[in-house]
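Written out below as structure tokens is the structure these notes cover.
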Amino acid sequence: MSMDGLNNSVVSEFVLLGLSSSWETRVFLMLTFSLIYLGIILGNLFIFFLVIFDSHLHSPMYFFLANLSFIDMGVASTTVPKMIGDLLNEYKIISFQGCMTQICFIHIMGGVEMVLLIAMAFDRYMAICKPLHYLNIMNPKICVSFVITGWVIGVIHAMSQFAFIINLPFCGPNEVDSFYCDFPRIIKLACTDGAKFEFIIAANSGFMSMGTFFLLILSYVFILVTVWKRASGDLSKAFVTLSSHITVVVLFFTPCMFLYVWPFPTSSIDKYLFIADFAITPILNPIIYTLRNKDIKVSVKRLSKWGHYGRRC
């Protein structure tokens with residue numbers, strides 16, 4: 001299927017209506033999101049390289065965390081730089097090919113992130129509930145398999161929906177009431193009855209988001225119940241360990257479920273909600289995992305001491 005040889009399609013570009021029409025608001029948002037994007041890149045790069053170069057962090061949990069940081073940079077980069085540039089432009093144009101590419105990357109990265117969050121939940125379950133078998137089960141081969149599986153599922157998830165949308169006829173309306181392209185908004189512009197395609201998107205992305213969210217919440221409940229039974233009611237340590245994971249899961253999945261489980265919204269609230277996935281969650285992940293994590297704190301102290309020693313020498 002070629003992007004250029006589309007049946008009956010005459011639309012070569014889409015107009016993104018963006019976030020705000022007021023010039024002052026747009027300048028404020030441009031500065032705000034520029035700072036947020038800088039924070040996302042620097043924060044996640046810091047975690048990524050800290051895990052790679054500090055041998056004390058060469059464990060399954062930090063391997064997944066480094067991959068999560070890499071994906072968070074990717075998720076933010078699919079939409080935020082374009083959104084920042086568009087805030088100062090009167091006409092926010094994206095080519096048909098650019099729009100389709102953006103949609104694909106959003107869903108590939110989203111699929112990988114879901115699998116990584118499942119892998120991190122599985123890792124915590126093994127560490128807390130089966131500590132004696134932990135290193136044997138969570139070996140490097142299993143960890144790499146989780147990441148590869150994430151990419152495979154992400155690509156299949158994105159392409160299964162992309163296959164439906166790429167052959168839709170786009171023959172007139174081309175205004176997207178958002179700051180980025182996504183399946184629900186684009187299907188609305190097709191010159192065909194989009195009901196069955198809406199159902200396919202809801203069944204695919206909606207089921208995937210909802211299913212993964214409840215699977216993760218159930219796994220955390222199961223871990224806490226297991227700890228409660230073993231530790232005679234002392235849940236504090238396990239809850240501290242899991243709280244950062246639960247926070248990230250809720251932040252990531254709430255917008256996904258809002259948009260894909262009840263798709264094709266009539267209001268514009270979804271575009272503001274999705275700022276959480278593209279900007280807020282990627283910048284909060286490094287903060288949440290750094291502030292709540294003893295090993296990362298120790299690693300940062302070790303790094304600062306090493307830097308201080310290096311300057312003295």
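Cβ coordinates come from backbone N, Cα and C, glycine included.
Residues annotated as transmembrane segment in TrEMBL: 27-53, 60-80, 100-122, 142-166, 207-227, 239-260, 272-291. Under the heading domain 'G-protein coupled receptors family 1 profile', TrEMBL lists 43-289.
Sequence-distant neighbours of the transmembrane segment (272-291) (same chain, 6+ residues past either end, Cβ-Cβ under 8 Å): 19, 33, 36-37, 39-40, 43-44, 46-47, 65, 68-69, 72-73, 75-76, 78-80, 83, 110, 178, 180, 182, 244, 247-248, 251-252, 254-256, 258-259, 297, 300.
Scored by C-beta pairs under 8 angstroms, the transmembrane segment (207-227) has its highest count with 239-260, from the stretches 27-53, 60-80, 100-122, 239-260. Sequence-remote contacts of a segment are chain residues at least 6 beyond its ends whose Cβ falls under 8 Å from one of its Cβ atoms, and for the transmembrane segment (100-122) they are 3, 61, 64-65, 67-68, 71-72, 74-75, 78-79, 82, 94, 143, 146-147, 149-151, 153-159, 161-162, 165-166, 180-183, 186, 205, 208-209, 212, 215-216, 219-220, 245, 248-249, 252, 256, 277. Per-residue pLDDT, averaged along the domain 'G-protein coupled receptors family 1 profile' (43-289), amounts to 83 for this model.
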